Amino acid sequence: ISVPTSLTRMGVSERFWHHEYWLPPGATWEDMKESADVHYPQPQDLLLCIPGALLLIVVRCIFERTVALPLGRRMGVSDKLRPKVQPNATLEDFYILLGRTPREGDLISLAKQSDLPVKKVETWFRHRRAQDRPRLMKKFCEASWRFTFYFTSFFSGLALLYDKPWFWDHTVCWLRFPQQPLPPALGWFYLLELSFYCSLVATLPFDVKRKDFKEQIIHHIATITLIFVSYCANLIRFGMIVMLVHDASDHILELAKMLHYVKWKRVCEAAFIVFAVVFIISRLVIFPLVTYYYFVTKFQLFLIICLINTFLMILQLLHIFWSYLIVQMIFGIILHGA
């Protein structure tokens, strides 16, 4: 994209917010002037996501201690007793700095340094790894919090959009864009979603690290970027539809996790199969073939649309990756059940 000569004389902030980057050809920020009755997205509103994320972290801590923890205990979630390792500075330094699973040569060397038999060194590392594994109650509390948020988010979003004609007919979603006034409820919903994903990023170092940890980081960054950019460019309608499509399956997954932690095997398997069906339909059918299709076909290309396209494609690749894992797990459930 070539930059007009006039832009080179502007300051960094003015260039960043120039309408040619954010709005379709022919539209300017003047087309979105606010009045007493008509409101449009204001980028500075998104700064509220910082206190919003902090507030959600506080709410989460209170929720986990006062709701999730007692619920988990009542449902029979209990942590296994784990053997405590004897303090050993040599082994601890290796564990922290060089690796949790030493090779055979390292075991022999560590045994000599610490004046212990090799078998005892092996046992020490096995117990030390077990000590660091997240406890079942912690997993249950995290899943409970996410289930509560995703459940509330999905059905709140559905309540906000069910009477909007552009939600059911995507062909009218783009009418009069970007001059689409922002209803306050949609603005607050956007801010809540952004605050939630920012809170997830902030708590990543303290949360349970799963096998798809790197993919989760990519997902959170892509989601935060899409929410920020779509709000600033007044793509609220499209953004709301995308968020609702994605939230459709998340609460079912967290429910399945909770059932797994309380060892309700059959109910857990049923919930996971429902999740798999909803996930695949919403993210491999509705999202790419309906929602994303209209987005691609209704817009002229400009900078922000190209950026959104890029991050939507990243999300879709993640959907395909997770769908592959889900299908593998479904086959595992079927074969194990057989």
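Any Cβ shown, glycine's included, is placed from N, Cα and C.
The structure displayed is predicted, hence computed values, not measured ones.
Residues annotated as domain 'Homeobox' in TrEMBL: 91-135. TrEMBL lists 93-136 with the feature DNA-binding region. Annotation source TrEMBL lists domain 'TLC' at 138-335. The transmembrane segment annotation in TrEMBL covers 143-162, 185-206, 218-245, 270-295, 302-335.
Highest Cβ contact count with the transmembrane segment (270-295) among the listed stretches 143-162, 185-206, 218-245, 302-335 falls to 302-335 (criterion: pairs under 8 Å). Per-residue pLDDT, averaged along the domain 'TLC' (138-335), amounts to 88 for this model.
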